[in-house]
């Protein structure tokens, strides 16, 4: 049993004040995410991110998680490796195995049979359940196993089955200078990470890149979640998750139904503290095994973008090597400016490898000269790319658009003009079908210049 805390910071008042400051930082982070989405910055930035920005950013996202994954797996490496082995078998070796469903006969002469790649669809959930079951069996044996479950505090009374949270229940968020600095860094870091997750989901599922309106809507939705979490006293906001984006590659489930079902389950768990307590019972090696599999996919997704650019170019070699090395080096440095708020802001930003790598690669990619072929600005051909169908809102949530589109600021960045997403998707497919020798460019200025020259020749 851990020794009780006797320091001055362990008092109830000190903990409440610290928790309210963290909640205030979450509210500030939500406001930053909302500003990025409504201002259009969240949709503008991805349009200027080529393969040499996505490749090092996604790769460093996965590589930077090896320390927490190793810390979780160290509780029991055998159980963590068991989960990893089962996940590899189900997703890769046995991913093509299909279970037949009921045969549907539409006409007497043409029966239609369907099958489900069940092992691939449950390539993470099934190993997760098996590893958790093995941990439960081993915990009942009279053998001193390693930490198969996290150390939990002894609760005097069990939590209730149903509890409806409301703003101010645990105290209102406190907006102190430290909370302001931490919230700004949190909002910028989560916004950058979320944009990388959007690009990763589109790449692993073989669809067109997310249009600017979809990226802006995603950041605004995450901002609303962070604002609600901070007002309810939560100690963490909402952002796109790298492991969840990697699940799309492992399971190849690109439907919205699993996401909607997961959101409904999370909502029910939030309303039932007794059920939410089950999540705290997940053994540490199970956490570590899941992190090993999912973040490995993120590293592979980043490496796959290298093939779209000329990686033998000296320019590209420097951009990739410099940004990834600095992303691992700068978080090790210690900064002290003497101003506490600025120190919190800089340390919160410069200790996140994805922020360093993403910002440096974005600046170098858009300032160092290079040909479109060298920079990888020739997009690959995407079959069946329909951004309006893939990234469009459901009919019940679509924005009321007129014949020229909604031009009211700032909603104009969330609701594109009618046909805008279809034109972007068709342009991507058309440009991707050109031969490698043709100078197809995605930048706005370059495209406008090329069209002007073509019009002058005609």
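Cβ from N, Cα, C; glycine included.
Keep in mind that what you see is a predicted model, and the values were worked out from it rather than measured.
According to TrEMBL, the feature region 'Disordered' maps to 419-438.
As annotated by TrEMBL, transmembrane segment applies to 25-45 (among others).
TrEMBL lists 65-89 (among others) with the feature transmembrane segment. For the transmembrane segment (65-89), the list of distant contacts is 123-124, 126-128, 130-131, 134-135, 138, 145-148, 242, 250, 283-293, 295: same-chain residues at least six beyond its ends, Cβ to Cβ under 8 Å.
Per TrEMBL, the feature transmembrane segment maps to 124-143 (among others).
The annotation transmembrane segment is assigned in TrEMBL to 227-247 (among others). Counting only same-chain residues 6+ beyond the ends of the transmembrane segment (227-247), those with a CB under 8 A from a CB of the stretch are 19-20, 22-27, 29-31, 33-34, 61-62, 65, 124, 165-173, 186, 190-191, 193-194, 196-198, 200-201, 204, 218, 253, 290-291, 293-298, 301.
Summarising the annotation, TrEMBL assigns transmembrane segment to 288-306 (among others). Long-range contacts of the transmembrane segment (288-306) within its own chain (CB-CB distance under 8 A, at least 6 residues past either end) are made by residues 51-52, 54-63, 65-66, 68-75, 79-84, 87-88, 124, 127-128, 131, 200, 203-204, 242-243, 245-247, 249-250, 320, 376.
Residues annotated as transmembrane segment in TrEMBL: 318-339 (among others).
Per TrEMBL, the feature transmembrane segment maps to 345-364 (among others).
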